[in-house]
């Protein structure tokens, strides 16, 4: 969850799943392990580990703008549809998204413990997880190298700059020094440039990052986000959003405690059959226009639409992290559905409570557009 707060949830899952499966490889699998009660406990625990990594990556991505493409799409569409309004910054989104993610993470932990762990799990695992052996393997890694320390320092500096650029109305943050002309993207580019300047300490003039490594990045994600903005503009220009919003016109005059869950459930249903980024791209133009039609603050609909698109826990097609976890072979679709339903319900309920309260303060939804 913590790593996914700072990098996209898909590469986070790809990075952490081998760590999880590396631990699970110590456990027996196959017909030889299917005859004892201990083997049953081991299989259940293996499911919990894979599901935990998979869902924690998705939950952590909700916390920050960098954790998932859906949050970035929200920021882009908000500035496109309402350029005169106060922008959504890294710190403002984290003030709302992090509490939501904490509640969902607690729900995930409780669900996994209740469904996949019992009083006999620790005894069954003790035969395969030797603490002394694990400590010995950790010591073989040795101390952190110079390159690792420098990347960690740049990474930490980036997080601090993100969180302190814009704080509150009374404490403006360091962004005021540049008269508001410096954004989160500016900071990201500046810190990334340092990777191409600082040597890695191995000699030969090699830097922490070079263009050969940079070319291997998932640039298709950038193209996907850009395409999402283009589709959103097409929805608006063609009038399709006006037609679709008529179907949700019954929300006119409804209280926020009803509007937010309906928008969240609407988006959460769509995201199970497509990726969370695609679902966000589809529903946000509709919800933005609907907000203006029924006379409520658009973020009261757009934020639930964004969070709901990230409540993708039931099917492998719902998000790339689900594909990664399902591909390990440790879990089935039934495991995903049974585990994901309680978390999804908690997510909708949490949003229904926090958006009209905390969200109203963070995003200024009590102000008229």
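Cβ atoms are placed via backbone N, Cα and C, with glycine included.
Cross-referencing 176-198, 291-313 with TrEMBL places the feature transmembrane segment at 176-198.
Check TrEMBL against the ranges 199-218, 219-238 and you find transmembrane segment recorded for 219-238. Non-local neighbours of the transmembrane segment (138-164) in the same chain are 6, 64, 66, 90-91, 94, 173-174, 184, 187-188, 191, 194-195, 198, 200-202, 208; each lies 6+ residues outside the stretch with a CB under 8 Å from one of its CB atoms.
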